[in-house]
Amino acid sequence: MEHDDRRASQVRAGNNRVVIRVEQIENNAVHEQEGSTTIASQPVTATHAAPVSMAHLEQFTDSDWVEPSDEPTGTAVFDATGDQAAMPSWDELVRQHADRVYRLAYRLSGNQHDAEDLTQETFIRVFRSVQNYQPGTFEGWLHRITTNLFLDMVRRRGRIRMEALPEDYDRVPAEDPNPEQIYHDSRLGADLQAALDSLPPEFRAAVVLCDIEGLSYEEIGATLGVKLGTVRSRIHRGRQQLRDYLAKHSSETAQSA
């Protein structure tokens with residue numbers, strides 16, 4: 001199919017900012033179907049998303065910070081009510097979820113380039129199908145999309161090489177970040193990162209989702225589309241392989257010292 005214009009989307013996460021650039025997409029099929037096309041067997045209305053930048057989040061001060069309330073906001077409103085009027089915009093999706101998606105993508109893929117690609121593809125897929133999303137757990141949906149994209153990538157490429165995070169990379173903490181913490185989180189050590197690299201992709205995904213992202217076994221099962229017993233087995237075997245790897249390499253390091 002020939003396109004009049006191609007959509008170019010780029011997500012860049014790290015160095016305390018995430019920048020999204022989306023160019024207009026139009027094609028003959030869209031015109032023929034009166035503004036609708038089909039992606040992944042789901043009808044999607046063609047939408048033009050404006051450029052988005054999160055760099056302005058660096059400018060937050062204590063006086064700008066709004067205390068959290070019990071009332072749902074942003075995507076939580078849409079998730080809780082299913083109200084189409086509350087459907088999040090591209091800007092809202094990115095602002096609220098980009099860093100968390102990138103964090104998961106990095107832990108799964110182990111390197112910045114693949115993490116950026118996975119983050120980009122996740123948000124493109126989310127934005128194209130958000131109109132068909134059934135209210136439930138929005139973050140769980142993001143976990144599922146990101147993880148499945150990672151596993152698809154691994155199957156295509158074979159083995160993914162893990163790399164340590166750059167020394168100057170900061171990450172968002174898991175819960176209730178304040179302005180000074182919003183782009184800061186702890187990093188995994190190089191040894192643990194290398195140990196994760198040694199795991200089969202399915203084990204790695206289960207361990208990352210459980211021990212780093214903090215998902216329950218039930219949530220991991222829903223994310224990976226496997227039974228609870230399979231989740232337990234993958235996590236158990238993955239942890240055992242991590243212990244074996246770390247013990248072996250710790251011994252080798254001690255002998256060479």
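Cβ coordinates come from backbone N, Cα and C, glycine included.
Between the listed ranges 3-6, 67-70, 111-114, Swiss-Prot ties the annotation motif 'Polymerase core binding' to 111-114. Taking Swiss-Prot as the reference, the stretch among 71-90, 151-170, 211-230 described by the feature DNA-binding region is residues 211-230.
Secondary structure counts, DSSP: the motif 'Polymerase core binding' (111-114) has 3 helix, 0 strand, 1 coil. The DSSP breakdown of the DNA-binding region (211-230), given as helix, strand and coil counts, is 13 helix, 0 strand, 7 coil.
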